[in-house]
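K.L.:
Below are the features I grabbed from Swiss-Prot:
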type     : residues : note
ACT_SITE : Asp143   : active site, charge relay system
ACT_SITE : His218   : active site, charge relay system
ACT_SITE : Ser553   : active site, charge relay system
DOMAIN   : 30-108   : domain 'Inhibitor I9'
DOMAIN   : 113-622  : domain 'Peptidase S8'
DOMAIN   : 384-476  : domain 'PA'
CARBOHYD : Asn129   : N-linked glycosylation site
CARBOHYD : Asn174   : N-linked glycosylation site
CARBOHYD : Asn202   : N-linked glycosylation site
CARBOHYD : Asn395   : N-linked glycosylation site
CARBOHYD : Asn410   : N-linked glycosylation site
CARBOHYD : Asn538   : N-linked glycosylation site
CARBOHYD : Asn645   : N-linked glycosylation site
CARBOHYD : Asn721   : N-linked glycosylation site
CARBOHYD : Asn756   : N-linked glycosylation site
SIGNAL   : 1-26     : signal peptide
Amino acid sequence: MKSCRTLIFVAIILNGLSTFVAHAGAESKVHIVYLGEKQHDDPEFVTESHHRMLWSLLGSKEDAHSSMVHSYRHGFSGFAAKLTKSQAKKLADLPEVVHVTPDSFYQLDTTRTWDYLGLSVANPKNLLNDTNMGEEVIIGIVDSGVWPESEVFNDNGIGPVPSHWKGGCVSGENFTSSQCNKKLIGAKYFINGFLATHESFNSTESLDFISPRDRSGHGTHVATIAGGSYVPSISYKGLAGGTVRGGAPRARIAMYKACWYLDRFDINTCSSADILKAMDEAMHDGVDVLSLSIGYRFPYFPETDVRAVIATGAFHAVLKGITVVCSGGNSGPAAQTVGNTAPWILTVAATTLDRSFPTPITLGNNKLILGQAMYTGPELGFTSLVYPENPGNSNESFSGDCELLFFNSNHTMAGKVVLCFTTSTRYITVSSAVSYVKEAGGLGVIVARNPGDNLSPCEDDFPCVAVDYELGTDILLYIRSTGLPVVKIQPSKTLVGQPVGTKVADFSSRGPNSIEPAILKPDIAAPGVSILAATTTNKTFNDRGFIFLSGTSMAAPTISGVVALLKALHRDWSPAAIRSAIVTTAWRTDPFGEQIFAEGSPRKLADPFDYGGGLVNPEKAAKPGLVYDLGLEDYVLYMCSVGYNETSISQLVGKGTVCSNPKPSVLDFNLPSITIPNLKDEVTLTRTLTNVGQLESVYKVVIEPPIGIQVTVTPETLLFNSTTKRVSFKVKVSTTHKINTGYFFGSLTWSDSLHNVTIPLSVRTQILQNYYDEN
């Protein structure tokens, strides 16, 4: 059995619905057989070698072909096949096989965004116009498909398809290849892994389409944010009005549908075998950026684990110069929940915009309170207001908890606006409360809760308004102060700019990285709350095919759009250089210079575990001055440092590898961040900077040390010229703390007259190692 640190291919727990029967009657399930770097350039030869391996195992060519689910033959070598446990073990024991693992399932994790980030078309000299809006760049998206009729995929004024494109569009149910154009240049679907497990999936009864066509709207929304064309005069029933467009509005979109809608569960699910096939095809087709708003439920798997499928596919993509952008997950605000943590992936957190939807609530004492809602119905004039509680002389059951409103009798809530309190920030709490009140004949709901970022319209445009506990208590005190409390609720308004502050979203998954704590995740943050973009026309709450959605799923394509522009401007930059440019130039405040907070309980100032380097600053990222670059040798150093065995590394990279003894330190991995999770004794680490700015330049170091941490940099000045383009420096770090601490944060900046190249410092002192303190 190979080491648990062996480099492997990804999959996840199979749900056991597959009933394929092998020779001995044992249950067969889809397994992914990972063979590492492909040994031949001819994809047909690679696939034939996969069939031969299966033929040798199963005994006949027919069985080999019927067992095969996918052949991975472009970016790497491997295949997915239906195998019994014993068959999988026989393959795993072959020397040419890196690993075999069962298939598994992943889940799916803008009118204002781009102006907010400074990418306005009104400025003739900016990144957007300097790159012709990304016209020669191809953004590949692995998601739930595409709704090709949406206006955001119009190709008005767009030139010929880029010459490096090798892909195409595949016809299927309710989708023909003719629906592609010079904007939507690719559309494929991958369902074999899904069908092998969900054999009961009935295409005639399912709401999904066995084609690239989107059912859920998620993929269409993501594609809009990354590279949608201009569509003017869009709003949601009058809210958030403006022009919808993507970050790179002339970039080309290639959709790879690998996520499928399960009607009985009302969810999208994505087979790891299908995800890998989609990534493999995208590498072959010639995409420049790969965007995946897909994640796996916690706990996560290291990139050395077979189940970390996206990490494995992403590694091969990055080696081919393709930047891979992934959502960080929606499991916040708890710490150590960030996903997609492989160090070659650009992992994205979600923030709010400088936009809100204040909703006037007027009490009977004329006090005005501004709640938050997406209420676009008519004004609800002064109406009875109630908080269900026992007045002291009743045997009835009362509850003012939003989750328990069903305990109240109908006459308690009928014809009234109901105030309730909840500790939850999840939208399901609001929707449940609305359902209870509507069934009882109520006319509206005011929900008092912790601050959250899950604002959505309520069904049938029912008045449902969120307030915090302080304002909720003000309303409750008013109710208790009078015998006939009343309230008026007016439609929501759109407020843009100051005084609306930027926050890291409550749901956005947080660091530190639970897999490899020395690798900072997330890398960067971008708007992902209440983003208005295209969807399918059958979606609830859509207005003319546009909808508000929130999630790191929306933040990731924002970064993908920025990456597309940077790729158009700097064709020779590696994925690591692009990541560095984005991270080192990010705002640590909002665009107006105000501090960024992180939603949670309690709300706090954001730190690198909330937003990585900060909020993306596209204009600055275009001219970073210096970058922390990475190449194959750096990735090999990283793999050696975290314990990959040499055989696995060799198979992965396609050439012999020998790790040094002693093994290198992961702290020397040339990331645009420094994270030390277990500082006890003094450590010295190395970073290397590459000049991508002015040929003759001088940079001086500026250090903001974490509290109680001593940081020394040598040398303090870096000189670049025509012969010196790469310079290394050493960072010596020690602690003055005498106890185990939490993380403290600082920064290290290299500055000249034009650039500030900043990386976050995150340091935790651990005098007693591997110790968990619950005091």
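These residue numbers are counts, starting from 1, taken along the chain as shown.
Heads up, the Cβ atoms here are built off N, Cα and C, so glycines get one too.
Describe the structural context of each listed feature in the structure shown, including burial, neighbouring residues and relevant distances.
P.N.:
For Asp143 (active site, charge relay system), applying a Cβ distance below 8 Å and a minimum sequence separation of six or more within one chain yields Leu108, His218, Gly219, Val222, Ala223, Met255, Tyr256, Lys257, Ala258, Cys259, Leu292, Ser293, Ile294.
His218 (active site, charge relay system) carries a helical DSSP state (H, G or I).
Within 10 Å of the C-beta of Ser553 (active site, charge relay system) there are 28 other C-beta atoms, taking all protein chains into account.
Mean pLDDT for the domain 'Peptidase S8' (113-622) in this predicted model: 92.
Around Asn129 (N-linked glycosylation site), taking its Cβ as the centre, 14 other Cβ atoms fall within 10 Å, counting all chains.
Secondary structure at Asn174 (N-linked glycosylation site), as computed by DSSP, is coil.
The DSSP secondary structure for Asn410 (N-linked glycosylation site) is helix. Around Asn410 (N-linked glycosylation site), the C-beta neighbours below 8 angstroms that are at least 6 residues distant in the chain are Glu439, Ala440, Gly441.
When other Cβ atoms within 10 Å of the Cβ of Asn538 (N-linked glycosylation site) are tallied across all protein chains shown, the result is 13.
Look at Asn645 (N-linked glycosylation site): DSSP puts it in coil. Counting Cβ atoms from all protein chains shown, Asn645 (N-linked glycosylation site) has 18 others lying within 10 Å of its own Cβ.
Listed in sequence order, Leu695, Glu696 are the same-chain residues at least 6 apart in sequence whose CB falls under 8 Å from the CB of Asn721 (N-linked glycosylation site). Taken residue by residue with DSSP, Asn721 (N-linked glycosylation site) is part of neither helix nor strand, so it is coil.
Taking a C-beta cut-off of under 8 Å and a sequence gap of six or more, Asn756 (N-linked glycosylation site) has these contacts in its own chain: Thr585, Val702, Thr749, Trp750. A strand conformation is recorded for Asn756 (N-linked glycosylation site) in the three-state DSSP classification.
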K.L.:
Looking only at C-alpha atoms, tell me how far Ser553 (active site, charge relay system) is from Asn645 (N-linked glycosylation site), rounded to the nearest Å.
P.N.:
34
K.L.:
Tell me, if you would, which residue among Asn174, His218 (recorded positions) has the fewest other CB atoms within 10 Å in the structure shown?
P.N.:
Asn174
K.L.:
Of the glycosylation sites Asn129, Asn174, Asn645, which sits closest to Asn538 (N-linked glycosylation site) by Cα distance?
P.N.:
Asn174
K.L.:
Determine, to the nearest whole angstrom, how far the Cα atom of Asn174 (N-linked glycosylation site) is from the Cα atom of Asn645 (N-linked glycosylation site).
P.N.:
48
K.L.:
Could you round the CA separation between Asn645 (N-linked glycosylation site) and Asn129 (N-linked glycosylation site) to a whole angstrom and send it over?
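P.N.:
Answer for this pair: 47 Å between alpha carbons.
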K.L.:
Using DSSP and three states only, what is Asn538 (N-linked glycosylation site)?
P.N.:
coil
